Structures are given as C-alpha cells and as structure tokens.
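Notes for the one structure printed next.
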Ligand code: PEP
Ligand code: MG
C-alpha cells in the first residue's frame, strides 16, 4: 500500500492515473447499509423459502432494471459494464445459490450474502477479468440487500457543489452518469491503473488517483486539492491558491488537447505516435487523429462473443475494415490472437487452467493448434493485399527466441513484416537475440509489469506494484530499447505506459521509436513531447531509471521537465 506522503500536514498520496488538478470538498460514496436496518429486518418474516425467494426475485429485478436504465443514458465502456452488471444481477446461477441457502433455512439477507461470497470465491480463483467483476458482485449484493430491507440504494449521493468523490473502490454503477461539472476528481483507496475507476475517469476527463491509503478516513466535506499528475491529495491548502492551480491545470489540458501534430520533439526530431484499436470502427475514428498508423490492433477483441472460429474470408473482411483507413501511406501493426487469461475466447481458450495468466494464452494457443495461427495469418495477408495498407504482424506472449523465429518464418512466407511483443521479462532480457530473427519489437508494458512484478494487472489492492514506473520495469524497457538501437530496428511501446505524457518523455529518451496508445491520449502525449528536446528526454530517462521507486521516478522526471 502507498503510505501517506506527509502525515505532518495531512497530505496523502496514491498512484496517479489521470492527470489534472481539482479542488473541493470530499464526498464519500455511500457504501454499507446500516447494520441496524439489517437487524430490524431480521429474517423478513416470510412464511416459507418460496416467498423469501420471490422477494429476492423482486429485489434482483429492481436492481437489474436500475443498471439497464443507467446503461441507456451512458456511453461506450460505461454502457457495456452496466449492461454486464444488469446480466449479473439476473444471473440464474446466483439465484440458484440464493435459493439453496433459503431452503437450508437462512434468512434472505444471509442467503444473498452467502451466495455472493460463494461467487466471489469462484471469480477470484479464476483471476483476470473475472476477478475484476468482484467489485460489481459486491455492488449487486449491497443493492439487493438494501432493496430487501427497504434502505436507499448505496452509491453516489448527488453533490450540491463541485466535489471530490472518494471511495474504497468504485463500481461501474457508481461512476456512470457522473457529471464532471459536479464530480471534479475521483480518489479511491484501492483499484489499479486499469480498474473501472481509472477507465471512467479517463472517459470523463477528470483527475484520478487510485491506491490512496488513508483516504477513507478523511471526513466528508474536508477541503482537498487533488493532483492527478503527482498523485497527492493535500489538505489545508489556501482556497484562492487552489483555485489558481485548478485554473492553470485546466488551461494546460485545453492547450494539450488542441495539439494537432505532426509529432516531433522541440528540437525537431520526428516521432511516431500510433493508435491502439479494437475493430473497424475504432480504427476509423482513430485515423482522424494525428497518428502515423496503428501500433496495436488487438484482434482477439473482435471475437470475444463468437462461439466458432471465423473462416479465413470472414477474418479478411474484419481485418480489411481496420486496414482500410490507413491505406493512405500509413501502416498497421496487427497482433495475432491474444486469447486466454483475461480475454477468454470460446474457440481458442484452454478451459480449467489453475493459473490462466501463466497458462496457454497468446502465441501459446498455436502450439497444439497451428492451424489457428495459419488461418489468421492467411486472413491478415488477404486483407493486406485487398487494402494495399502496409501491414506488420506481431505475436503476443512470446517467451523464447525459437518461438519468435518460427513466427517470423510464417509471417515472412506471406510477404508481411514480422515482429513480437515484449511482455515477458525473458523477451526483454533477450531482446538483442529476438531482433536477430524479427524486424521489430513492441513492448506491452501492461503484461511486462504484471510478469516482472508478479502482480495481477487486475488486482485492486496491488496498484503500487502494477505500475510501469517500477524501476525493474523501466530497466527492462531500457534494455529492449537499447537492443533496438544497436540492431537499427524499431522498438515501440504499446501498453498503457505510452499514454502517460510524463513517462512518454522518458521512453523517447531511452530510444523507444514509437508510442501506441488509446486514440484520446495521442494529443496530450504529442503536445508534451513537442515541448521538450531530445536531450531533455534523455535526461528524463536517466532520472527515471536512477530513481528508487515509482513515486520518486515521477518526481525526478517532473523536475527534469520543470513541472
Ligand atoms: C500489454 O500487455 O501491454 C498489451 C499492450 O497487451 P494487452 O493489454 O492487450 O494484454
Ligand atoms: Mg498484453
């Protein structure tokens, strides 16, 4: 856990995930239902288990309906997670577990809590994306119990003035429909850089800090200044000074968002900024941003809901839609299926693995099913030919040079340019040998951090470890970048780290040749890089690499940049 930065002045700190400064009173999310209300309700006085189950059905249907209504007025990722929560509230398996507990003589509240506990254990054991649903399950539990005992639904109270929303962790239902004019920043005690909280904050464009230990102890109404770049939450600041800082930050964000490229450092070194895309629609919308192409097309995201493997022709159609917007001289890096672990795909995932993140995922799926890879490469080659777009192809989860060599041979046989992702420390340490057999490398910092720190990227209480600013992760990136320079071959970064404007300067300074990120991150990153020279980037890299921990590394880079 992150420790308070300065207990003497009452400042707290956490992992900064969305930059920007906000100031205002703390507003706590209503979490638990009062034990007194639950005690009053007792066993609900139902005549039998059947009538208690009917009351559960009413409560679950009402909760699901709330999610569905919120989903209808939400957009993008928020709408998707709310729809998923509605489905979870109606889940037959959950209802079955509640019924079993009722039949065994438990009261309705205990029956719901017991059933949810059981599902939480199953989801936690499965790890990855499923483990992330635990927050959603607990949210459903609180809401169903609140409905049963006749208490108001837990969640975000409506702010009466611009406020800083504080919670242990935020569920999608808490964060959807938030008005950024009234909720000006999010701070949570738990949650990682890829948690729902962070995703929603990015979407709303409000500062966000996760993993802030001690934040729950701040009383509602405490005036704080939240800095989403430094990760600090200050108390006792002068309100006028705070207002000025907020205004300066707002002006800076506006300026950054208006950057239009082309990407280059202050002293004119051209840079490559690329987009991460998931399908034809996102490729098209990213194409109008100032990007030189796509640095990561996550092909598995096209197949999450498909039971059967699409044919080569069907795949060629899907890939063509992504390649087509870049037929104007730009290029697209297609990643072969990264199924398994947090991205289960019906036709390509090994079921029942004890530890799926370390199991048969990514490239490894092709070991006992080479046809899966061959058909995908055929589909990609057909799309490349049809659109005329320059197409590079890379494999995820590559651990050995032999794997890279086999993959490269298959890709070259189809006239395409082969590369591999560096997501496993073994690949970073052997980057120089990898580059003897492939034409480029792309560092996936999300997984590289997970595997270097042995910390699940979805874990909500390991934000301090799942941080790409960790010295060991930065060293592995530097080793890989150095190998690229020596070999004269491109080494890019395509994980979340590339979207962090501060870290982007250090990455360029290490010799990284391209940064690929969510389309909306491109302008702030491009603008930041345009304000610094290559020499400053190199100084930022040295400062980051020499720092003892992530917060010190951020502070050292900020100092180099004069922030
Ligand atoms: C990564 O691991 O950094 C990466 C880009 O791949 P994904 O996030 O899809 O696992
Ligand atoms: Mg990855």
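If you go along the chain as it appears here, the first residue is 1 and each next one adds 1.
Any Cβ shown, glycine's included, is placed from N, Cα and C.
In TrEMBL, annotation is done automatically, which means it is predicted and not curated.
Record note: TrEMBL gives 335, 446, 447, 457 as phosphoenolpyruvate-binding, and the candidate from 298, 364, 412, 414 in that site is 298. Distance noted between the C-alpha atoms of residue 298 (phosphoenolpyruvate binding site) and residue 494 (active site, proton donor) is 11 Å. Around the Cβ of residue 457 (phosphoenolpyruvate binding site), 23 further Cβ atoms fall within 10 Å across all displayed protein chains. Residues from the recorded positions list (298, 335, 446, 447, 457, 494) with a C-beta closer than 6 Å to any atom of ligand 2: 446, 447. Counting only same-chain residues at least 6 apart in sequence, those with a Cβ under 8 Å from the Cβ of residue 447 (phosphoenolpyruvate binding site) are 397, 421, 423, 424, 457, 495. Comparing residue 446 (phosphoenolpyruvate binding site) with residue 494 (active site, proton donor), their Cα atoms are 9 Å apart once rounded. DSSP gives residue 494 (active site, proton donor) a coil state; it is part of no helix or strand.
Of all the binding-site residues listed here (298, 335), the one with the fewest other CB atoms within 10 A of its own CB is 298.
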